[in-house]
Ligand code: ADP
Ligand code: MG
């Protein structure tokens, strides 16, 4: 068996779906024609006048029109791929195209209709039928189902749907999804159940199923392991992995005017798809040594399928109607490029991570254990028999038993033992010569023995059941999966396959002939006259000219497309730059510099996950990172002996309380208020105030002067607003002795006017 094979190209097929009701109702023009014989798709662009004369022609490995049946696709295109997976190759089937063009229809199809079942269910049938027909081979089939949405991987078969999985890489087996669940399946029904569970989970997570499915990539993975006795007398295991990928819709997300969250999501979807495009370009280009697999989860996960160890079929789905023509052309160009990817598939023989090997080893171990048990029993039995010498049976019998008899024999043995114990028990009961105590003791002993016997028996049965369960997972041809399919059906399949092969060869030949025709035509031709030569050459010139025009138009188209794409990318870039600027602005203005620096110092880029992460906060003293704690004292700052730990808890003294021995009072909060301080007052004012605050009794006013000059109006005291120093009229509180007052107190004993205050006569 040759382990390696020379490189082979990615196979690209195109499928055009029929017009749907809406399109027919709106009377859209059909712009796509399909030449199944030649493997060509011909597209007229209704927006370009010249295109009716020079339609765009794309050639593929095979093409399928709106009348194509699911089974046609399967027999011609997918069956050979699945066959090679059964043989130990890796295989991948991609469905690519705009939303609503039939990706899911091609991959899954209509579940309950055998006619319209897609590749995935058809491959189930294929795989298990193949196994049932195999001979001298052991198979193990398991399935996983995952989804990539916004660059996050979700396991569609796990119970916890909120969990996101990570990609990991191992040098020997490559990239894999960590903790992805996979289920061993024994029949078509079981694997269908796995798919249904996954599909349910897929729609549960989505608010709008249609939208969600058009924005996420779904990957169904079937791993087939096959063990077979090689020519060297050793068991060899071959492992084939089949990836069935329903990609997100390829339409431009930016065109739909997405903004905010939606835009972010769009850029992420575009990330995976455009990364896929970039990978394809880089692979086809041949000049670039770096293939940007690491740019997205999808390309990383399917790295092997693109330019690596796998056989790959890409199905490009297109719609026929005129309003989709741009997308259709984009899809066709995209897949046209993918044709040139070279893969290097090889049979995966005896890989380290084969589950089948583990199963086989486990079964062997359990069987050995079982053998040992029954061996022990047999020996015991023989010993007993020999000792008792009851029947004088042949001692050899135990050794000559074979496996089939073993079970039966074991049953006999158990029964025999039980009966014997029972007999002995009875004998003890009936034996009157024994003392009651002795009797009870013996009885107890016997009962215990019986119990032991029972337990041992159960353990043995459990072990046997376990072996059986494990063995049932390993599938062997000829029984237990599909009813023995009759020879006729098999012949039919073979014939169908032959026809498909024939068709393929025919198509290839036709393609070759066409291209050779043009080359050889001119070599063969001889011209009878000059005029004829001119005619023929003119005709040829015209033909070539048309071709030239077509190529030129194509170049222009591609350029335009590039420009569009670039504009879109620029637009996305602008959006992102704006976003970045805003974030910078916030950081600059609202986050203290030292905090920022701290965060910057803690941040690091995790190469494995391709994500920025934060180091845990550690106390950094003198630039030394804090040492990790010695393990001898988890939770303590220093190593502690068990004795010390006990002493801390039990003894009141301080001997072992090295930790947290210092009790500190709580810090009081700093004061934010001040003591009251009197305002500083100018001496003059102070004097005036003091004067004003004097007791009323001390004030003496001479009223006699008033009496004579002002009549009955009693004059207010000069120092009126005594108790109101803040009255704003401190001047009124002048000392009565000041010369400014004409009514200076002079004569003691004069009558007082104690009442009115606050008014100063003018
Ligand atoms: P996608 O997964 O690409 O978004 P779907 O597979 O959901 O598209 O197809 C959209 C609709 O078109 C579905 O209703 C499907 O049944 C129908 N359809 C797609 N391809 C075909 C086909 N070849 N024949 C008949 N119906 C089809
Ligand atoms: Mg879909």
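Cβ coordinates come from backbone N, Cα and C, glycine included.
Unlike curated entries, TrEMBL annotations are predicted automatically.
Annotation comment: TrEMBL describes 97, 98, 99, 100, 101, 102, 103, 104 as ATP binding site. Listed in sequence order, the residues of the same chain lying 6 or more apart from residue 104 (ATP binding site) and placing their CB within less than 8 Å of its CB are 95, 118, 213, 246.
Per TrEMBL, the feature coiled coil maps to 436-579.
Residues or ranges marked as compositional bias 'Basic residues' in TrEMBL: 373-384 (among others).
Annotation comment: TrEMBL describes 390-409 as compositional bias 'Acidic residues'.
Look at TrEMBL and you will find 708-722 (among others) tagged as compositional bias 'Low complexity'.
As annotated by TrEMBL, compositional bias 'Basic residues' applies to 723-734 (among others).
Residues or ranges marked as compositional bias 'Low complexity' by TrEMBL: 735-750 (among others).
The feature domain 'Kinesin motor' is assigned by TrEMBL to 9-341. Within the model, the domain 'Kinesin motor' (9-341) carries an average pLDDT of 86.
The feature region 'Disordered' is assigned by TrEMBL to 369-412 (among others).
Annotation comment: TrEMBL describes 707-762 (among others) as region 'Disordered'.
Within 8 Å of the centroid of the Cβ atoms of 97, 98, 99, 100, 101, 102, 103, 104, where the record puts ATP, the same chain has further Cβ atoms from 17, 95, 105, 214, 249, 317, 319.
99, 104 are the binding-site residues among 98, 99, 104 whose C-beta comes within less than 6 Å of an atom of ligand 1, given in sequence order. Just so you know, of the binding-site residues 98, 101, the Cβ with the fewest other Cβ atoms around it within 10 Å is the one at 98. On its own chain, residue 97 (ATP binding site) has 103, 247, 249, 250, 315, 316, 317, 318, 331 as residues at least 6 apart in sequence with a Cβ closer than 8 Å to its own Cβ. Using a 10 Å Cβ-Cβ cutoff, residue 99 (ATP binding site) registers 18 neighbours. According to DSSP, residue 97 (ATP binding site) is assigned to a strand segment.
Counting other C-beta atoms within 10 Å of each candidate's C-beta, the binding-site residues 100, 102 are led by 102.
Take the CB of residue 103 (ATP binding site) and look out to 10 A: across all protein chains shown you find 29 other CB atoms.
Ligand 2 lies under 6 Å from the Cβ of 103, 104, out of the binding-site residues 97, 100, 103, 104.
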